[in-house]
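*Asks:* Below are the C-alpha cells for one structure; questions will follow.
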C-alpha cells in the first residue's frame, strides 16, 4: 500500500504544479537498462495517477480470465468431441489456440507491470512480449479470414465447391503461422523495433521514431494485418449474404408453385435465415473493426505526427486490441450448435443455452442452407 500512497502523492504534486520543479515523468520508474529503448516523446508526460494503473491491471486480469476460460473450453470441446472434428473446425481451434496464447502471454506480465507501474522484466522480455502480441494478433486475424473464405466456398459455390480437407486446413494453418512469424520477427533484424509504450507497462512496435525503416514497417504491416484481412472478410460476407438471399428467394418461389406456405419447417421463426446470417457478418466485422482500429489509429498518428499521443491513449488502444481474444470464442464457438450441445453435456453450468435450443444457432445457417439447397436441386 505504501507505494500506492506515495504514487498518489507524487501525482497530486504534479497536478498542483510542483511536478515541473521535481522533473517527474512517466519514465522515472523505468529500469536503467531499458532507458535506451524509450523514445524522448514520453519524457514530456508526468507520472500517471496510480488509479489508472489499477484500473488497467484489473481490466486486463478479468479479460485474461474470461479469454483463457472461453478459449480453453473451445479447444477442449472441439478436440474431444467426435462430431466436431472436421476440417473447417480446425480453423476454429486454431483461432481459439491463438487467442488463448495471446492472453496467456499478455495478461500476467501486464498485471505485474501495472502493480509496479512500469516494465520490470528487462529489455529482451519487452521485445518478446511485443512480438507475441503482434504474432498472435496476426494469426487470429488471418484465421478469421480463412474461416470467412471457408464459409464463402461452402455457401456461394454450393455443391460445386471443393470441400475443405484436413490436409487443406493444416496447410492454411501452417501458412498463417509461418507468414505471421516472418512479419513479427522482422523488428529483431532491424526493420522497426519493439519498445516500451504508453505508461511503460507494455511494449509494442516503434511508431514514434522518424525513420524510413520505422515508418515503412508500420505501413506495410498494417496493410498485411489490417486492410487486406478487413477487405477480404467484408468481400466474403457480402457474397455470402447475396447467395443466401438468392436461395431464400428461390425457395419462396418454389413454395408458391407448389401451393404451400413454405418449404422450410423453420419458417415460423421471426427472423429469416438471411437476416440471421447478416447479423453474424455484422457482429463479426464490427467487433473486429472496433478491436483493432484504435490501435491502428495510434500507430498512424505516431508515424505521421498527426496529433499528440498520450500514455493513457496508447495503453487503452492496446487493451482494445487484446480484448478481441475474448470476443472470438463467443462469435465462432458458442454460436456453433454442436459446440453448444457438447458444452451443455460437459459443463452444464457454463452452457449459454438449453440443449433443446441448439437448432436455433445463428452460425448454423450456412450448413442448413447448403443442405436444403442440395435437397432442392436433387
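Every residue, even glycine, has its Cβ placed from backbone N, Cα and C.
Where the annotation comes from TrEMBL, it is an automatic prediction and has not been curated.
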*Asks:* Can you identify, from 31-53, 169-191, 192-214, the stretch that TrEMBL calls transmembrane segment?
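*Replies:* Checked against TrEMBL: transmembrane segment maps to 169-191.
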*Asks:* Which residues, given as numbers and ranges, are at least 6 beyond the ends of the transmembrane segment (128-149) yet have a Cβ under 8 Å from it?
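*Replies:* Result: 88, 91-92, 94-95, 98-99, 101-102, 105-106, 109, 121, 172-173, 176-177, 179-181, 183-185, 187-188, 194-195, 202-205, 224-226, 229, 232-233, 236-237, 284, 288, 292, 318, 321-322, 324-325, 328, 332.
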